[in-house]
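Trainee: I grabbed these lines from Swiss-Prot:
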DISULFID  CYS30-CYS126  disulfide bond
DISULFID  CYS80-CYS132  disulfide bond
CARBOHYD  ASN29  N-linked glycosylation site
CARBOHYD  ASN134  N-linked glycosylation site
SIGNAL    1-18  signal peptide
Amino acid sequence: MPGSALLCCLLLLTGMRISRGQYSREDNNCTHFPVGQSHMLLELRTAFSQVKTFFQTKDQLDNILLTDSLMQDFKGYLGCQALSEMIQFYLVEVMPQAEKHGPEIKEHLNSLGEKLKTLRMRLRRCHRFLPCENKSKAVEQVKSDFNKLQDQGVYKAMNEFDIFINCIEAYMMIKMKS
């Protein structure tokens, strides 16, 4: 009896090691990431659609906050930093101000923020998507323009969130090819 119990324990431990090894290898090489990418972007777009009309009607300005130079940074060598900084910008500066516009907006923005945090976490786990240190001048310009717009900045930034999602998608597509 003790021999068969020992054998069962050894088999159990071996099975646990194998399953742990497979999980960590899969996590490290990011083989699962491409499959979930389009789903994550769809979730972001769906969550944004819950507040898009509200912010579009409040955005009375003709200027564009998220310009082509930002998209160029996303597509260039600063893509990683631009993405990281823009996620942080929306989570720390834009969304907290946007949440002040009522409990129904706050609820949807919380959901949108959680989805953005999940995306950032997944990108960080897969180092080829977010291995960066340099600063993006385009992101600095977005932040500067946002601050100059004062109270209107939140409407402009949230109204253009779909442009930000498109930038994320362009960046991830480039990284998938490399």
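Keep in mind that glycine also has a Cβ here, set from the backbone N, Cα and C atoms.
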Trainee: Determine the Cβ neighbour count for CYS80 (disulfide bond): the number of other Cβ atoms within 10 Å of its Cβ.
Mentor: 21
Trainee: Under DSSP, is CYS80 (disulfide bond) helix, strand or coil?
Mentor: helix
